[in-house]
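Here TrEMBL flags 38-107 as DNA-binding region. Annotated compositional bias 'Basic and acidic residues' per TrEMBL: 1-12, 73-113, in sequence order. The compositional bias 'Acidic residues' feature in TrEMBL is assigned to 128-145. What TrEMBL lists as domain 'HMG box' is 38-107. What TrEMBL records for 1-42, 58-145 is region 'Disordered'.
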Amino acid sequence: MKGGKSKTETRSSKLSVAKKPAKAAGRSKAAAKDPNKPKRPASAFFVFMEDFRQTYKKEHPSNKSVAAVGKAGGEKWKSLSDSEKAPFVAKADKRKVEYEKTMKAYNKKLEEGPKEDEEESDKSVSEVNDEDDADDGSDEEEDDD
């Protein structure tokens, strides 16, 4: 080349102008997930898959592929009639009703706000433990050489 830019250099400079910020940065603004929030209930298909996985593993003990189990389960689910799906749909509906009850209780608890017992002090757990260790009178940490 005689001092000119190569094709790759010109392409990369054009592409770098059109770059957008990563979407992951936007997630940091979202509220953190509450570990106490109840999990959503499984759909009828997933209730079916719970049973199907066990039977499939018994019939195919050498198969370790998750994808194969999922694919076979999906094909089996599609082949089932509505009457054959009914027990799984009923279980899923029952779980959904239970979930709605627990969500109502959960939301009620959130509206009431944190209880006095649940509030944490300014001290971390390690500081509290350090104080307890100092108060018990044991000399475990001291080495007399």
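Glycine is treated like the rest: Cβ placed from N, Cα and C.
Secondary structure of the DNA-binding region (38-107) per DSSP, as helix, strand and coil residue counts: 56 helix, 0 strand, 14 coil. Here the compositional bias 'Basic and acidic residues' (73-113) has long-range neighbours at 36-49, 52-53, 56, meaning same-chain residues at least 6 beyond its ends whose C-beta is under 8 angstroms from one of its own. Averaged over the domain 'HMG box' (38-107), the predicted model has a pLDDT of 95.
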